[in-house]
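Q: Reproduced below are the annotations present in TrEMBL:
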COMPBIAS  B:942-951  compositional bias 'Basic and acidic residues'
DOMAIN    B:20-98  domain '2Fe-2S ferredoxin-type'
DOMAIN    B:98-137  domain '4Fe-4S His(Cys)3-ligated-type'
DOMAIN    B:170-201  domain '4Fe-4S ferredoxin-type'
DOMAIN    B:214-243  domain '4Fe-4S ferredoxin-type'
DOMAIN    B:250-306  domain '4Fe-4S Mo/W bis-MGD-type'
REGION    B:931-959  region 'Disordered'
Amino acid sequence: MTNSDDKLIRMAGQMADFFRSQPGAPAEAVAGHINAFWTPRMRQDFVRHLAEGAEADPIVRDAARFVRLPEQTPARA
Amino acid sequence: MKDFIIPDRDYGTPAAKSDVTVNLLVDGIAVSVPSGTSVMRAAAVAGISVPKLCATDHVSAFGSCRLCVVQIEGMRGTPASCTTPVAEGMVVHTQTDDIARIRKGVMELYISDHPLDCLTCAANGDCELQDMAGAVGLREVRYEPGANHFARRDAEGPNPEYRPKDQSNPYFTFDPAKCIVCSRCVRACEEVQGTFALTIEGRGFDSRVSAGMFSDSFLSSDCVSCGACVQVCPTATLIENKVIEIGTPEHIVKTTCAYCGVGCSFDAHMRGEEVVRMVPSKDGKANRGHSCVKGRFAWGYATHQDRQLNPMIREKITDPWQVVTWDQALDFAATRMRKAQADHGVDSVGVITSSRCTNEETYLVQKLARAVLGTNNTDTCARVCHSPTGYGLRTTFGTSAGTHDFDSVEETDLALVIGANPTDGHPVFASRLRKRLRQGAGLIVLDPREIDLLKTPHMGQGLHLPLRPGTNVAVLTSIAQVIVAEKLYDEEFIKTRCDWDEFLAYAEFLLDPRHSPEEVEKLSGVPADGIRAAARAYASAPRASIYYGLGVTEHSQGSTTVMSIANLAMMTGNIGVPGTGVNPLRGQNNVQGSCDMGSFPHEYPGYRHVSDKATRELYERVWGVPLSPEPGLRIPNMFDEALAGRFRGLYCQGEDIVQSDPDTRHVTSALSSMEIVIVQDLFLNETSNYAHVFLPGSSFLEKDGTFTNAERRINMVRRAMTPKNGFEDWQVTQMLANRMGANWTYTHPSEIMSEIALTTPSFAGVSYDLLDREGSVQWPCNEKAPLGTPLMHVDGFVRGKGHFIHTEYVATEERSGPRFPLLLTTGRILSQYNVGAQTRRTDNLVWHPEDILEIHPSDAENRGVRDGDLVRVASRSGETTLRALLTERVAPGVVYTTFHHPTTQANVVTTDNSDWATNCPEFKVTAVQVSPSNGPSEWQEEYGHHSEQSRRILPAAAE
C-alpha cells in the first residue's frame, strides 16, 4: 500500500460526498467521474486497493464495479 | 503590425450614448452626433480640432482652460465647446476674430508662467501646450517677469513658489514647474482609476497638483501608479522616466499585456527595438484606454540581466549548469525523454503548458504530448486556479466559458464579488467596476478579508460577508434558500430556460433547515442578517452580476461553489442580458486560452473529451498519428506518480511549479526523483533548480501570437523586438518536437492558428486576418457568429436547459485544531504578479519587497507577536518564516499572505488537499500555527543552499 493509493481513495471519497446529495445513483456517478478524469493506471490502482480491503465510504466501494479498466472497451468510443 | 506614430485622435470629451441623433453645422460642415455630445466632440467628428488644454476624451469635460471657446449663432458670448452640449440646428463657428483674440490672451497667460526650455524638455515633440501655442498663433508674451512657479530663484533669492521635482515613483516624474493646473491628472485619478489620490490644493495662483497630504510624495500617497495621470498630462509635468531617458518614440506596435486575465490592449511605443513606453489602447475592448502599474510600467524584466539567453544542460540536478548549443541541448532533452519512455512506458512522461504563453505555443505543447510523445499527460497551471470553473459552468450551463464581456459592468445594478480582490488582482476591471459603483450600483463582497473594493470612494454602502475560509458553499446555498423561501426567484426565466421540476427538487433541498442563515452563521461566522440582506439585494436588483476569483475555485469544494454561483444566477434570471452573468476573473493572461487549447489531460482543444471518437479521429487525420483515448495525468497526479517511480520525464514551458504549486516539499521530492526535467523560461526559476535542461524562452514583446482573456477575447500579441534568446517559444517547441521525429514545418504562428480553426468548431472563424481587421474577437467565432460572441446564453443555454445542481456543504478536511488553530488563506497584491518572476525583476519591488503575514491584533497579542516581527508559520506540510503585519482587515482566527517571493515560499505550508472534481489545490485554506521566530526555517536554509548550488553556470566549453 502506498501513500498514493490512499490519496486515490480520499479523492474518490470527496466525489462520493458530492454525489451523495445529487439525485440519481451516486456510485455510478463517482465511477463516471473517475472514468472521465483518471488515467487507466490510477483506475487500476484504485480498484486493486479497494479489493485489497482498503477502508472506504460505501459509495466509493460500490463505485469500483463501474470503474472501467484498461482491457475493457472505452465506453464512449 | 507596425504603425508610424499618429497620435491617438483625442475627441476632447467622452462619447455620449443616446438613441437620439442631433444635426448641426460646424464651420459649414454638417455633422450628426448622439444627443448629449459636446460641441467640441461634434467638431472633432467633423474633422475640426478645436484648441484645448483641460479637455481630453479620457475624462468628462471640466471647462477650465477657456481655450476651446467657440461662437454659436443665436447664443451670446463665447461658450466653452467642451461643456456645451449640441442642439438640433446649431450653427457653430470655431474660428472668428473674437475667438482668436481670446485664445491668444489665454495662451499668453499660460506661457507667462511656464519655463521656455522646450528644446531640452522631455515632452519636446509631444507637448500639447506647445501645439496649442502654435495653433493659436502666439508670437509674443507681453508680461514682464514676475511671480511664477518655475524659476528656482528670483532676483531676491529662492523663489518661494518653486517646488522641486517629485521623483519618488520609480516610473514617472512629477515636475510642478511645468504644471498648468489643467487638473486632467486629478480627474483621471478620480474618473478613470477611481483612487482619488490626487487633488488640487490652494486656490487661484496658489493652485497646485498634490498627491495626498501636503507631506506626501507620489510614493507615500494613495497613488497606485496606474499611470492614467501620466497618460493625460498635456505637458512634461507628469512623464515617464523612460521618455526622459530615451526621447520620443517613433513607431507603435499594437499588442496585449502579458500579466493578468483582464488582457489589456497596449500600444508599445518604440524607438528602434527599444520600448519607450507602453500606452493602453483607447480602442482596447477590455481596458478602454486604462491600465495598471504592471502592464504600463513593469515590463523591464524583458531586458533584465537575469535573463538566460543560452541553452544549458546537466547530468544531475546537483551539478552546475553547462552552457551548450541549441543542438546539444535539444539532443540531450529528446534522447532522455525517449529513453524514459523506452524504459518506463509511453505514459511515463508529460508536459505542462503555460497560461502565460500564447495560444499557439500552448497548442503546440499539448500537441507534442499527444501526437509526438503519444500520451495525454498534458496539463496547465489553470489546473491550480480555474479548473473548477470549467467543470462547474460546463455542468450547469453547458460550457466552461465566462458569460459576459467587461463592458457589461457598465450596465450592472449590483455586483456580487466572491473570493476575488479585483483592485489588486484585476485592477483595470476594478476601476471599471468602481466607476459603476460611483454611479450608484450596489456591491456585495463575500470574502474573508475586507478588500479594498469595499473602500471605494463615493460609492454607497457596500455589504461585506466576512466568511470563514472554506465555507463558500454553505453561505451561497443559504443565500439561495432565502431567495427560494421569500419567493424572490424569477419563475418565468426558470420555466422557459431551465427545468422547472428540477428547480422544485433543488428548492426542496434548499428549504431544509440545515441551510438556514442561522445554521450557516454557526459554520461561516457570517451573521444571518447579512446572508438575508445579500439574498434580497442580489435577487431584487434589476441586473445583478457575479464576479469571482480564486477564492471560489481553490477549495476542496471549488467546483461545487461554482455550481452554487451558477444556480443563483439561473434562479434570479441574471443570465443572457448585459449587466448580469457569471464572470470568472481569470488569474493569468492566457488561462482561458490555455484551457481552450486542449491543455487538460482529458480533452482536446475546444473542450472535447479524448474518448470522443469523432474528435479523436479528426485529430488523428490532421496530425497523422494514432491517439490515445484515455485521459492523462493532471499536475498533482504527475507528482504522485513521480514519487511512485512511474513518471520520469517532464517538459515544462513558462511555469514555475515549485513556487506556484501547493506543498512545495512534495513537489520538489517528486521532481528530484525524475530522470529528465526540461524547463523553458526567461529566467532560472525555482523549478529549474530541479531541471536537467534549460531552454531559454522569449518574452511577450519578442513574439507573435494570441492571448485569450477572461471574457474569451482573443487578442493579438505582436513582436516588437527580436527575441534575445534567438527564438520565439513556439519555435523552440517545434525544434524539440522535431528532434523526436515530428516533422513539423510551421513558419509563423498564423499557421498554427489556422490548424486550431480547422479542428476546433468554436474557433472555426478565427484567423490573423480577422484579428488584424477587428482588433479582437470573443469565441465562439464561427459561421453562426462570424465576429464572435460578446454575451453567452442569450436565447438559451449552450446545453439546452440550465441545470440546477444540489450544493451540499462538506467541510474541508483542513480544519483548525489545537496544533494548528489559525486558518491561512493566500492571495496576491497589485504590484506583484503571481510567483513574481517578472515583477520581482522590476522597480515594482518598491511597493512589495517581501511577503507579509496579515494577522489580527488579538491573535498576535495572544502569541506575543508585534507588528513587523519575524514569525514562523507552520502547517502539517511544512513551515516558513516571514514578517507579521497586524491588521483588522482579517478576522480573528484567519491569517493571510501572498506567494510572490521564493525566499518565503508560502507554498511550503499549503497542503495537498484539492477540489473533489478537478484536483485544483486548496490554496485558500490551510490550518496553521503562528509563533515568534528569530530566523529562517530549516526548509528555507536548506532550500536556499540548494538553490544557490543549482544555479551555478559553467561557460560553454571552448571549441
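Any Cβ shown, glycine's included, is placed from N, Cα and C.
Keep in mind it's a predicted model, so treat the numbers as computed, not measured.
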Q: Would you kindly list the residues that approach the domain '4Fe-4S His(Cys)3-ligated-type' (B:98-137) from elsewhere in its chain, counting only those six or more residues past its ends and only Cβ-Cβ distances under 8 Å?
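A: Non-local partners: 49, 51-53, 65-67, 69-71, 78, 143, 148-151, 177-178, 180, 234-236, 239, 243-244, 248.
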Q: Please count the residues of the domain '2Fe-2S ferredoxin-type' (B:20-98) that DSSP assigns to helix (H, G, I), strand (E, B) and coil.
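A: Per-class counts: 9 helix, 21 strand, 49 coil.
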Q: Using a Cβ cut-off of under 8 Å, list the residues of the same chain at least 6 residues beyond the domain '4Fe-4S ferredoxin-type' (B:170-201) that approach it.
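A: For the domain '4Fe-4S ferredoxin-type' (B:170-201), the nonlocal Cβ contacts are 53-54, 56, 58-60, 62, 64-65, 110, 113-115, 121, 123, 129, 149-150, 162-164, 207-212, 214, 218, 221-242, 244, 289-290, 293, 296-297, 430-431, 434-435, 438, 456-458, 843, 846.
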Q: Run through the compositional bias 'Basic and acidic residues' (B:942-951) and tell me, per DSSP, how many residues are helix, strand and coil.
A: 9 helix, 0 strand, 1 coil
Q: As a quick check of your reading of DSSP, tell me how many residues in the domain '4Fe-4S ferredoxin-type' (B:170-201) are helical, how many are strand and how many are coil.
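A: For the domain '4Fe-4S ferredoxin-type' (B:170-201), the helix, strand and coil counts are 13 helix, 7 strand, 12 coil.
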Q: Sort the residues of the domain '4Fe-4S ferredoxin-type' (B:214-243) into helix, strand and coil with DSSP and give the three counts.
A: 8 helix, 3 strand, 19 coil
